[in-house]
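K.L.:
Below is a structure I'd like to ask you about.
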Amino acid sequence: MNVEKIMVIGAGQMGSGIAQVCAQAGFTVLLNDLKPEFVERGLAGIEKNLARQVLKERITEDEKVAILANITASTNLVDAGTVDLVIEAAVENMAIKASIFKELDEIAPAHAILASNTSSLPITEIAAATTRPEKVIGMHFMNPVPVMKLVEIIRGLATADEVYKTIEDITKKLNKVPVEVNDFPGFVANRILMPMINEAIYTLYEGVATKEAIDDVMKLGMNHPMGPLTLADFIGLDTCLYIMETLHEGFGDDKYRPCPLLRKYVKAGWLGKKSGRGFYEYA
Ligand code: CAA
C-alpha cells in the first residue's frame, strides 16, 4: 500500500519525535494535539533538533526549511479524513486510546492504517474499538525518537500480513530498524527493560546502595548508556509505574509488582526529568 500522508496524534516528546522522522523521510505530516499551544511546543522542539543538525552540517538550512514545510499543525481529528496512516502517541490510557481509535475509525479513509505508539497497552484491545482490526497495529518508537534505531512492530490478533508489511517498509524508510513482536503485555522492550528498572528501584529502597552507585554499576559494568535510575527519570516515573502495573495486571504475576518507592515518588509528583525531580534533581 502506498503511504504519503501521515497524521501523528500527540505532540509531546514521542509524537513530535515521530513527526520529525516522518517529515525527514519526505512524508506529508499532520501533527495533531488537543490545543494549538501543544502543537506549537512540539514544532518548536522539532525546529530546535533540526537547527542542531544544521549546525553539525548534517543537513542544510534549505533542507531544514523543507522538512518543516512537510509538517502541518492540526487540532481536529477530522483532519484524519485525508491520511493514509495515523500514528497515535497520546497519553497511555486505554479508555482515551479506545475513544481516539473509535473516532478515527469513523473519520479516516477505509484504506488507512491506524497505528499506536503505545509502550505496553494491548493492540488487540485498541483494535477492538474499531471496525477495522486488521488495519490496526503497534508501532513502538524509543525515546529519543530521532536517535534510537528500534521500532517494535506489534501485531494485534487480527492484524493483516499486508498491513504488517506496509508498516515494516515505512519503518525502514524512516531509517529505523523494525522488529516484529506479538501482542503480549509490555511486548519485548518493556517486558525486559521495566522489571530491570523496577529492580534497581527496589535495590535503592532496600538500602543496598546509593542511587549513584546503582547507576554506576549498570553504566560501567554493563555498558548501559544511562544507569537505570537516570533512565527511569528520563522516561518519566509515571510512565514506568503505568507500564509495571500493565505487566502486573496482564500477567497476574507478583514478580512484576511495582516497587512502593516508585509509587511514592509518583504520588509526590516526582515524575523525573519532566517535573524537575525524580531520583535526581534537574535544573
Ligand atoms: N532529541 C534528538 N537528539 C538527541 C536527543 C533528543 N532528545 N538527545 C540526544 N540527542 C542526540 C544528540 O544531539 C547527539 O547527537 P550526535 O551524536 O549526532 O551529536 C546524540 O544524541 C548523543 O547525545 P549526547 O552526546 O548529548 O548524550 P549521550 O551520548 O549521553 O546520548 C542518549 C544521549 C542518546 C539519550 C543516550 O544517553 C542513550 O542512549 N540513553 C538511553 C536511551 C534509552 O534507553 N532509550 C529507551 C528508553 S525506553 C523507551 O523509550 C520505551 C518506552 O516505552 C518507555
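In case you wondered, yes, glycine gets a Cβ from its N, Cα and C as well.
The domain '3-hydroxyacyl-CoA dehydrogenase NAD binding' feature in TrEMBL is assigned to 5-183. Sequence annotations record features per position, and here TrEMBL assigns NAD(+) binding site to Gly10, Ala11, Gly12, Gln13, Met14, Gly15, Asp33, Glu92, Lys97, Ser119, Asn143, Lys274. Annotation source TrEMBL lists site 'Important for catalytic activity' at His140. TrEMBL lists 186-282 with the feature domain '3-hydroxyacyl-CoA dehydrogenase C-terminal'.
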K.L.:
Per DSSP, Met14 (NAD(+) binding site) is which: helix, strand or coil?
P.N.:
helix
K.L.:
Give the subset of the binding-site residues Gly10, Gly12, Met14, Asp33, Asn143 lying near ligand 1, defined as CB under 6 A from any of its atoms.
P.N.:
Asn143
K.L.:
For the recorded positions Lys97, His140, which Cβ has the most other Cβ atoms within 10 Å, all shown protein chains included?
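P.N.:
The largest 10 Å Cβ neighbour count belongs to His140.
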K.L.:
Counting Cβ neighbours within 10 Å across all chains shown, tell me which of the binding-site residues Gly10, Gly12 comes out on top.
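P.N.:
Within the set of binding-site residues, the most crowded position is Gly10.
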K.L.:
Which chain-mates of Met14 (NAD(+) binding site) that are at least 6 residues away have a CB under 8 A from its CB, listed by sequence?
P.N.:
Ala89, Asn117, Phe141, Asn143, Val145
K.L.:
The record lists Gly10, Ala11, Gly12, Gln13, Met14, Gly15, Asp33, Glu92, Lys97, Ser119, Asn143, Lys274 as binding NAD(+). What's the largest Cα to Cα distance among them, in Å, rounded to a whole number?
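P.N.:
Among the residues the record ties to NAD(+), max Cα distance equals 22 Å.
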K.L.:
Please count the residues of the domain '3-hydroxyacyl-CoA dehydrogenase C-terminal' (186-282) that DSSP assigns to helix (H, G, I), strand (E, B) and coil.
P.N.:
67 helix, 3 strand, 27 coil
K.L.:
Asp33 (NAD(+) binding site) to His140 (site 'Important for catalytic activity'): how many Å between their Cα atoms?
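P.N.:
Between the alpha carbons of Asp33 (NAD(+) binding site) and His140 (site 'Important for catalytic activity') there are 19 Å.
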K.L.:
Tell me the Cα distance separating His140 (site 'Important for catalytic activity') from Gly10 (NAD(+) binding site), rounded to the nearest angstrom.
P.N.:
14
K.L.:
Cα-Cα, whole number of Å: Gly12 (NAD(+) binding site) versus His140 (site 'Important for catalytic activity')?
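P.N.:
Cα of Gly12 (NAD(+) binding site) to Cα of His140 (site 'Important for catalytic activity') measures 15 Å after rounding.
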K.L.:
How long is the line from the C-alpha of His140 (site 'Important for catalytic activity') to the C-alpha of Lys97 (NAD(+) binding site), rounded to the nearest angstrom?
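P.N.:
Pair distance, Cα basis, whole Å: 15 Å.
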